[in-house]
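Asker: From TrEMBL, here are the annotated features:
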- 300-388: domain 'B5' (DOMAIN)
- ASP366, ASP372, GLU375, GLU376: Mg(2+) binding site (BINDING)
- 610-703: domain 'FDX-ACB' (DOMAIN)
Amino acid sequence: MYISLDWVNELVGIKNLKLNDLMDKLTLGGFEVEEILEIEKKNKKQIVLDISATANRADSLSIKGMAKEMKALLDQPETISKYSTTQYSITKNLEKVLLDNKHSAHYSTFLAVTVENLTNLTVPNWIKEKLSDSGVDPLNNFLDFQNFILLETGYPFEFYDLNKIINQVKKTDFNLTLKTAQKNTIFKTTNDLTYQLGENILILEAENYPISIAGITVNKEVETDPLTTSLLIEGSIYTAKTIRQESRVLGLRTDRSARYEKGINDSHLNKALERLLYLLKLSNPDLICKIHTTSKVKEEKIPKIRLKYKNIVEILGPILINNTKQLTNLSSTQISHYLTRLNFTFSYDQNKNLWDVEVPLIRKGDIEREIDLIEEIGRLHGFNNFVTNLPNIERIGNEDFSYQTRKKITNCLLNEGFNELIQYSLVNEEASNAITLINPLLTDCSTLRTSLLPSLLETTSENLKQTNSCLEGFEYGHVFQQSSNQIYIEQENIAGIFGGLPLKTQWNQLPMQLSWFEAKGKMEDIFSKLNIQVYWKKPTTTNSTIVLHPYRTAELVLDNNIPLGVFGQIHPILSKTKNLSSALFLFELNLAVLKAQIEKTKLPIYKTYSTYPKIVKDLSFIVDQTISFEQIKNTIIENAPKVLIDFKLLDEYRGTSIPKNQTSLCIQLIFQSNEKTLVTKDIENIISNIQTVLVKEYNILVRN
């Protein structure tokens, strides 16, 4: 917002203040000076500042609002401008007329007055000059008065041609009503654009004739023009949510709607209206003003907040005594002085050293708690005037097991070469069980994630588009699903992506992409480090069929068939669509199940170290493809003695020398005893027994 310092100086004495000092105070007070403009007018330079405020300080987005801030920050007295007087009061009259409305959730105050006998539309030169200084081109019509009041007070007023409304409704004593538009209502705005309104758009009607989209724009048929001699002036306070939704639905934003979207209250609305009527009366001394309609939903209570001296000192810290190295704290007298500068009413209890503070209604939106009051005291004293010593922190409590487990999983994945990723939880999915937001900001962020895998692939794709290498990372995130009986299910998962980078296993070999077995081995290594036993099964659900390969995907389960998650290679169609490597591998695990399993196995199991040598034997055989290695593994474990300490799948082969629908497996068996040195004869007997069991169970054909 452009702020003319000459205009502000009419309200607060800042004329003798250096510009750099003023800018420093504003910046430390939470207002950023975007630009400094020098305007030469009548051989005199004027300074205009482009100032931006935080979202919670809509009360400061006006000349009067900024003047109050400068008065508080600079401790300067108020001045009275010859142009700032009102000499017109309607407050008492406003309290007499009330109107109930069923759409009171969309506004806090509704106010409309009629103005008749307008004979002179000339705008005073001093108003034009102030508009010009603030970056607004004067037009010498009603819009100048609207813009001036908006700049000076921050309140948006809408003007309607009263005679045009009377001609449309054929009544002089018409009623104003707020209601939602009927479906497919056609509305023409002042800039000749036509909108088709839906049932969620709030409109202002005069006897069922729409005269405006509430809080946004006026109907073309009742707008003011140079021949207007009577006005209906509306100065209502609509809720920010209502106007924000309407603007987004219609794709229509005006100066008036922009001000409502920031949130304003009615604490100074009556004074702003009195000021507007006074300005109109300057050129029209015979002006006739009447109250038409008013409605106030409810009187707002002035909030009271208790402020403790102890908390102020603990949060803001000490200050230096007169630029010496001696430290002290803010005194209660200083704090009371700062509250007075802010126009806060308070009572001070000297015995308990605390204040009960009443916050003005205009600051109700951003001062709600004690910490907000402490921030205000820090602003006025200057945050840079406090000593930057770190406070003594009292550490209470220990890391719980959930935190320790998460830390362990994170460190394990980081050690495997993964990077931790953080991504947005809102996406645009078309899954049948996806939960759709009622009021999304963007269509690309309209649903909650049902899986973390699509986001990982999207991030990898974007990373490659930026000419970076393939990404290997993991993410913690919540996924949401909707069950068949409309119950929302939330679950925290951990998902990861790796592969896609050609690697060398030896220096004299060409780089090769990661294979399924190598990727599976990497996952098994991670589970081994976490000390959990995971079983691999063929997928039984279709949740990940779009993302993962139809034949290179496995479900991961724990003991008692408890589902843990899924692992697989990227779907070949998806890899081509997104221009990604086909050697990418993804996993997604249920974090709660993973944590529970780690807790079960958190105590390490120690066993005696054998001093006797190992014997390694290979067993090759042909078996039907429908029989999984997991089945064979379980059968061997059940029937082998304790001296079989480990076995591994060395090779799987399918080819012309192998019968159709069968596969050749080579298993490495490792034997070792804690009591004696094993002899070949003992081992051969064990292998023979294993072969016999496998022939009986799975009809294997042993290969020599």
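Positions of Cβ are set from backbone N, Cα and C atoms, glycine also.
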Asker: Cβ within 8 Å of the Mg(2+) site's Cβ centroid: which residues qualify beyond ASP366, ASP372, GLU375, GLU376?
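Answerer: Here the non-site neighbours turn out to be ARG363, ILE367, ILE371, LEU373, ILE374, ARG379.
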Asker: Can you tell which of ASP366, GLU376 has the most other C-beta atoms within 10 Å, given these are the binding-site residues?
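Answerer: In terms of Cβ crowding, the pick is GLU376.
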Asker: In sequence order, which residues at least six apart in the same chain have a CB under 8 Å from the CB of ASP372 (Mg(2+) binding site)?
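Answerer: The list for ASP372 (Mg(2+) binding site) reads ILE305, ASP366, given in order along the sequence.
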Asker: What are the DSSP helix, strand and coil residue counts for the domain 'B5' (300-388)?
Answerer: 36 helix, 20 strand, 33 coil
Asker: With DSSP helix as H/G/I and strand as E/B, how many residues of the domain 'FDX-ACB' (610-703) fall in helix, strand and coil?
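Answerer: Secondary-structure breakdown of the domain 'FDX-ACB' (610-703): 30 helix, 33 strand, 31 coil.
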Asker: Ten-angstrom check, please: count other Cβ atoms within 10 Å of the Cβ of GLU375 (Mg(2+) binding site), all chains counted.
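Answerer: Within a 10 Å radius of the Cβ of GLU375 (Mg(2+) binding site) lie 17 other Cβ atoms.
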